[in-house]
Amino acid sequence: MEPEAPDSRKRPLETPPEVVCTKRSNTGEEGEYFLKVLIPSYAAGSIIGKGGQTIVQLQKETGATIKLSKSKDFYPGTTERVCLVQGTAEALNAVHSFIAEKVREIPQAMTKPEVVNILQPQTTMNPDRAKQAKLIVPNSTAGLIIGKGGATVKAVMEQSGAWVQLSQKPEGINLQERVVTVSGEPEQVHKAVSAIVQKVQEDPQSSSCLNISYANVAGPVANSNPTGSPYASPADVLPAAAAASAAAASGLLGPAGLAGVGAFPAALPAFSGTDLLAISTALNTLASYGYNTNSLSLGLNSAAASGVLAAVAAGANPAAAAAANLLASYAGDAGAGPGAGAAPPPPPPPGALGSFALAAAANGYLGAGAGGAAGAGGAPLVAAAAAAGAAGGFLTAEKLAAESAKELVEIAVPENLVGAILGKGGKTLVEYQELTGARIQISKKGEFLPGTRNRRVTITGSPAATQAAQYLISQRVTYEQGVRASNPQKVG
């Protein structure tokens, strides 16, 4: 890929990270509209061209104005840049067709598993991405795309032959935007995107969010994937989830392995629930920019961890750098504490979540195999499960959650991944319920969330139980997706 030369034109391709989310007309100048598209980093260079020549020519041919986020300014949770296209409906469709063509030219090296390096975001690409279009639309436009009872999106899929999925809509919170994923063959995707552009034309508020940088966006941002959490990087993390995430970084604070993870609560006697929330938020921020936080728990002492995090901060964008610096500060505090260098204390007494952690580690629910598979992805997940259990014990001691309160959580799981949660004869699902104390129900086969091929999973129980169950299911789904992405022959 050619390096991007400085742009001398009056209207730059890359604009400052301004955040624009306001009520305004859906058109620009004389019938012009706006379309926001996600572009994988591997395709950005071919879209821009040497010295910006390709994109300049594209603007001349279509009459559109095209802006891209800066080269390292990715949409949260991805390594994809944000492209904002302004023009007539015909121009929007023409520009997107060009972008889609470049996205389909996925380099072969991008589909191969790579060695995880905490210093750089991961760049391994799901091969399915080449057949997808990802559009970011305001919440109001998303409603028009879905239609009453999902009728509109169903019609779009039937007429185009493409799959159209929207990122999940959270309960009680209105995200400014949602991400639409269109999958299929080139002509199918083109037809579906054209139908979406038509909805953009119909929505008076379709131009309410024109920012191309999300580095300074406050509050939750929509997940770029249609499955899993509605959020790309949660801004508000419940205490149980906060501690679970913080525990996953136990390698910053002590010995490697499950013993070190089990010792995590005792290693932070002076850190409050607020500290844990800050640590969790920082970890989520790094994860949202593609950094593998699991690799921080590989036996680094506090001094070594601080060095690794300093290296991350030196090469990251401002948001990720701030998160790395914060974690380095906590690692330094832990290393300077009275327990630094001491032998790890025994694991906490197994409570509800403690039992879940120990059983998960023993039975390898998240390991899903031995040998290479476990080495590639199983061990960190087992450690993370144990970390969640350790965090649960810590929260019980701190009384950060009212365990008696009942809570209902709904998450979406892709149809083709439900089997991973059910297990043979439903055994895995039963075990999840026994380990967490939560009740887990999955919608019947063929009953999907509107506009998706996702089954509804309802989790009921105490806050700690629902958080543990949600964490376990999400990690299982994430792990299974990773295995399938690296091994396309694996089915079920």
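Each Cβ is built from the backbone N, Cα and C atoms, and glycine gets one as well.
Taken straight from Swiss-Prot:
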- Lys112: SUMO2 cross-link (CROSSLNK)
- 32-99: domain 'KH 1' (DOMAIN)
- 130-196: domain 'KH 2' (DOMAIN)
- 406-473: domain 'KH 3' (DOMAIN)
- 10-26: motif 'Bipartite nuclear localization signal' (MOTIF)
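In terms of DSSP helix, strand and coil, the domain 'KH 1' (32-99) has 32 helix, 21 strand, 15 coil.
Mean per-residue pLDDT, taken over the motif 'Bipartite nuclear localization signal' (10-26), amounts to 48.
For the domain 'KH 2' (130-196), residue counts in helix, strand and coil come to 34 helix, 18 strand, 15 coil, using DSSP. Assigned with DSSP, the residues of the domain 'KH 3' (406-473) fall into helix, strand and coil as follows: 32 helix, 21 strand, 15 coil.
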